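Inspection log for the structure reproduced underneath, given as structure tokens.
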């Protein structure tokens with residue numbers, strides 16, 4: 001074999017089972033020669049390079065036992081001209097991770113000599129050489145990581161023309177799909193001593209895998225590494241903090257401490273991403289317009305509760321942060337520095353109303369400040385009150401419009417839900433809900449037929465209010481027999497004649513109807529009745545029994561006699577009528593159309609009242 005030439009042989013062990021394999025090569029000077037053993041599917045491939053002239057001894061052991069009784073022998077002879085060796089092929093310029101990178105070496109014009117091939121790079125790449133039997137050999141190496149590789153080809157320990165060759169190994173994916181965005185990567189707008197950041201988006205690489213265009217992406221994101229190196233104007237490095245996010249993006253943050261031009265080298269698996277290196281000019285100052293605030297506490301607030309929002313000052317430069325809450329009440333406020341260029345703000349208002357949340361940076365309002373926030377009570381269905389005849393048992397009557405009231409003023413604003421149904425189907429018409437504009441509502445509806453079981457579900461913000469669901473049996477529209485009549489005017493014990501008497505009529509349990517009260521005297525003639533509506537479901541009626549005898553009191557409700565009506569009432573004499581004296585006005589002849597006056601002295605007659613009835617001679 002030529003000196004300094006790569007030598008290669010195979011050992012076939014596939015039918016011998018599995019065992020330890022060892023190779024020992026001794027040079028003419030007695031030194032051990034380093035051999036590179038590569039396992040193959042049929043056994044082992046052994047590569048080595050003889051560097052001395054003379055006889056070499058080769059011993060092979062399998063399972064601890066030599067495979068031959070005596071070592072193999074071969075002789076190394078002088079080599080030829082390295083400058084006459086040529087090499088070519090794509091593997092000398094680049095390749096794809098985990099795919100063989102191939103090239104050819106031609107030694108036909110170089111004479112005898114040892115051929116050496118080594119590959120240096122981010123990983124140790126396995127090398128496979130195949131002698132084509134015509135003075136050329138095919139070489140393939142297998143890179144398992146992306147990056148820059150050097151391929152050294154020597155002949156008799158001298159580099160051939162072009163060696164070392166430089167190859168760029170990349171993933172089987174289009175790095176042009178990577179996007180880099182954010183303030184921290186912009187040429188201008190980054191400030192000294194101010195935390196800033198940017199995002200590296202590799203999600204498009206995951207999409208390539210889904211489309212079957214690459215086999216080098218795992219778990220929904222590129223399996224390569226994102227590396228960021230930031231160089232200051234002075235030549236030193238600025239620390240950067242890389243945070244892989246779960247969606248295939250990477251967030252990189254840093255704080256520059258020098259003014260001037262900074263260089264950001266951004267690599268993906270050792271390969272520069274599009275646009276790298278980036279140039280960022282850092283200056284002193286601040287820009288409040290780069291601040292922003294967000295969070296539920298800027299959209300809506302709740303009384304006596306912690307309302308929270310976040311202020312981001314990242315990339316805005318150096319400046320003081322000013323916070324205030326102005327409104328109907330003083331609001332307790334706390335601010336927590338999150339140590340990432342943001343702070344979390346909590347405030348607790350004590351009264352509802354309109355508030356201004358003022359956020360300033362370096363004494364200037366940030367975008368959106370002052371924020372207009374409406375503060376209300378928190379949504380709490382348990383604070384909602386519901387009342388009214390429309391939900392009271394005994395007052396829900398068929399076909400009679402009813403109303404009930406909902407007061408949500410003590411709870412935060414929320415949708416009012418009214419769902420009324422019965423065991424025989426829905427009510428005839430959807431309830432009418434009137435918003436009074438002050439947190440209260442009036443609900444009017446018409447119940448279903450009598451006898452049905454009605455269920456009213458009243459909700460506030462999707463949750464039942466106290467007492468809901470309200471269940472009641474629908475009664476008839478009117479029940480005259482439920483009218484209650486009481487008082488001296490219907491007393492069975494009798495009433496004194498000539499004195500006014502009263503009766504009380506209670507219709508609260510009888511439904512809706514017209515009330516009629518009539519009184520007939522002993523002579524069969526009606527007496528005048530005064531009827532007063534007390535506005536509470538009751539009525540007061542009064543009449544004067546002007547004569548002794550039996551009276552008939554008739555009470556009708558919805559054109560039907562109420563229970564026990566007509567009531568018989570006996571009027572008895574009171575006082576001493578014989579003590580009454582007519583002192584004047586007794587005339588034996590009268591003139592038509594002339595007014596006359598009769599005077600009665602009842603001073604000695606006792607308890608009673610004077611009643612007078614004048615009849616003509618015709619009756």
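Note that the numbers count up from 1, one per residue, in the order the chain is shown.
Placement of Cβ uses the backbone N, Cα and C atoms for every residue, glycine included.
Features of the protein shown, as given by TrEMBL:
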- 420-437: compositional bias 'Basic and acidic residues' (COMPBIAS)
- 415-440: region 'Disordered' (REGION)
- 1-76: repeat 'Filamin' (REPEAT)
- 77-169: repeat 'Filamin' (REPEAT)
- 170-282: repeat 'Filamin' (REPEAT)
- 283-375: repeat 'Filamin' (REPEAT)
- 376-474: repeat 'Filamin' (REPEAT)
- 475-571: repeat 'Filamin' (REPEAT)
Mean pLDDT over the repeat 'Filamin' (1-76): what is the value?
88
Short question: which residues 6 or more past the ends of the compositional bias 'Basic and acidic residues' (420-437) have a Cβ under 8 Å from it?
443-449, 452-457, 474
For the repeat 'Filamin' (170-282), residues assigned helix / strand / coil by DSSP:
14 helix, 51 strand, 48 coil
Looking only at the repeat 'Filamin' (77-169), how are its residues distributed among DSSP helix, strand and coil?
6 helix, 49 strand, 38 coil
Give me the DSSP three-state residue breakdown of the compositional bias 'Basic and acidic residues' (420-437), ordered helix, strand, coil.
0 helix, 9 strand, 9 coil
Per DSSP, what is the residue tally for the repeat 'Filamin' (475-571) in helix, strand and coil?
6 helix, 48 strand, 43 coil
When secondary structure is assigned with DSSP, how many helix, strand and coil residues does the repeat 'Filamin' (1-76) contain?
0 helix, 42 strand, 34 coil
